[in-house]
Amino acid sequence: MSKFKRILLKLSGESLMGDQGYGIDPDRLESYADEIKVIAKKGVQVAIVVGGGNIFRGLSGATAGFDRVKGDQMGMLATVINSLALSSALNSKGVRASVMTAVRMEPIGTYYDKWKAIDTLEAGGVVICAAGTGNPYFTTDTGSSLRAIELECDVMLKGTRVDGIYTADPEKDPTATRFDEITYDEIYKRNLKVMDLTATAMCKDNKMPIVVFDMDTPGNLTKLMSGEKIGTLVKL
Ligand code: UDP
């Protein structure tokens, strides 16, 4: 039995990039698809939100002179590209996965609808929610919080390269220590860069627990489903 019936998994665009400087690393994509397949076949209902930072970020576009809204729209399209890639990798492994977009763009994806998404999840299909929230000035972290809450997921899992939340950036500060658990308020107080404030606030207001964990270690996702305490749990 899985600890969670329905999860929202957030994968950043950067993690899909692997060791490349840009774009999608096919090996990384395949290994994520393998991980997701294991839990989906065990009956866990999996909704996914993928970022787009490996292709385009609105904020960096704005710094380079792009209009911010157009830049964000480009960023949202980048998340659609990643979502299509992930759905294709899952499909090729025999996992039914459909892309739902926050902005209408049939036939690339179905227009997102909570109940259609839940029907798909309950029928055993993976739902990949693309284009974030559909609005500029938001991030895919906020898109994930929104979808996790809307789709009544048991938990939002933020898959990263790091194995949890630390007192400081462990890639820069060797004295940084990891939290097993932390409250939303503590994240604000310590100004920890886990997710943007909007995303954290939405999860807090709706009591959506978050687990930040290392998605690049094969088997971690399955361990989480069996109730193993890995990563950092964020709760009230
Ligand atoms: N984006 C947006 N609205 C959303 C979600 C994303 O405008 O609801 C844009 C924004 O420009 C962002 C880009 O899409 O920089 C890629 O998303 P994000 O930076 O969250 O990707 P990640 O860091 O997870 O790879």
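Keep in mind that glycine also has a Cβ here, set from the backbone N, Cα and C atoms.
The feature domain 'Aspartate/glutamate/uridylate kinase' is assigned by TrEMBL to 5-214. The ATP binding site annotation in TrEMBL covers Lys10, Leu11, Ser12, Gly13, Gly53, Arg57, Thr160, Tyr166, Asp169. The region 'Involved in allosteric activation by GTP' annotation in TrEMBL covers 18-23. For Gly52, Asp72, Thr133, Gly134, Asn135, Pro136, Tyr137, Phe138, Thr139, Thr140, the entry in TrEMBL reads UMP binding site.
Features recorded in TrEMBL, as mapped to the structure shown.
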residue : record           : Cβ neighbours (10 Å)
Lys10   : ATP binding site : 28
Ser12   : ATP binding site : 22
Gly52   : UMP binding site : 28
Gly53   : ATP binding site : 20
Thr133  : UMP binding site : 22
Asn135  : UMP binding site : 15
Tyr137  : UMP binding site : 12
Thr139  : UMP binding site : 23
Thr160  : ATP binding site : 20
Asp169  : ATP binding site : 11
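In sequence order, Ser12 are the binding-site residues from Lys10, Ser12, Thr160, Asp169 with a C-alpha within 10 Å of the C-alpha of Gly52 (UMP binding site). Secondary structure at Tyr137 (UMP binding site), taken from DSSP and collapsed to helix, strand or coil, is coil. Contact annotation for binding-site residues (Ser12, Thr133, Thr139, Asp169) versus ligand 1: Ser12, Thr133, Thr139, each with CB under 6 Å from a ligand atom. Looking just at the domain 'Aspartate/glutamate/uridylate kinase' (5-214), the mean pLDDT is 96. When the alpha carbons of Asn135 (UMP binding site) and Asp169 (ATP binding site) are compared, the span between them is 29 angstrom.
When the region 'Involved in allosteric activation by GTP' (18-23) is classified with DSSP, helix, strand and coil residues number 0 helix, 0 strand, 6 coil.
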